[in-house]
């Protein structure tokens, strides 16, 4: 029953992460185009684009945190698991659960902090883009929310012991 209920959630997660993947590619393409345009306008036309650096920075922040969720789900993040692999299976599972709990706690704190800062920055205006400064932190908030969801899934898998079985196969 637990597995059947998890399948729609897993399908939703896969759709969201596929959307994030395509969004990241679009953001990278946009950032590259904006920076290329900035070079052309600044050095060839002698008229720099006042908004280009802010937009590139904004896109970089969004790409960093959305990409972090994608990398965490794919298990492509930095992890030192050498010592965990040396542990007996029961302790290995306990270490995986503890690691998942720490990861979840950190990602919850990150998301909450991003919410607080976004709320604080709501009234400030980014001078080049003329938009709310909160947009810088909304990317952290959304990426953090995705990190929390992926962390919850990792915790559930660690508790069920499905991560250990995936490593063996």
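Every residue gets a Cβ built from N, Cα and C, even glycine.
Database features, via TrEMBL:
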| type | residues | note |
| --- | --- | --- |
| DOMAIN | 31-160 | domain 'Tripartite ATP-independent periplasmic transporters DctQ component' |
| TRANSMEM | 20-43 | transmembrane segment |
| TRANSMEM | 55-73 | transmembrane segment |
| TRANSMEM | 94-117 | transmembrane segment |
| TRANSMEM | 137-159 | transmembrane segment |
Sequence-remote contacts (6 or more beyond its ends) of the transmembrane segment (137-159), Cβ cut-off under 8 Å? 6, 13, 16-17, 20, 58, 61-62, 64-69, 72-73, 93, 96-97, 99-101, 103-104, 107-108, 110-111, 114-115, 117-118, 121
Can you work out which residues elsewhere in the same chain, 6+ from the ends of the transmembrane segment (94-117), have a Cβ less than 8 Å from its Cβ atoms? 72, 84, 87, 137-138, 140-141, 144-145, 147-148, 151-152, 154-155, 157-159, 163-164
For the domain 'Tripartite ATP-independent periplasmic transporters DctQ component' (31-160), provide the mean pLDDT of the predicted model. 92
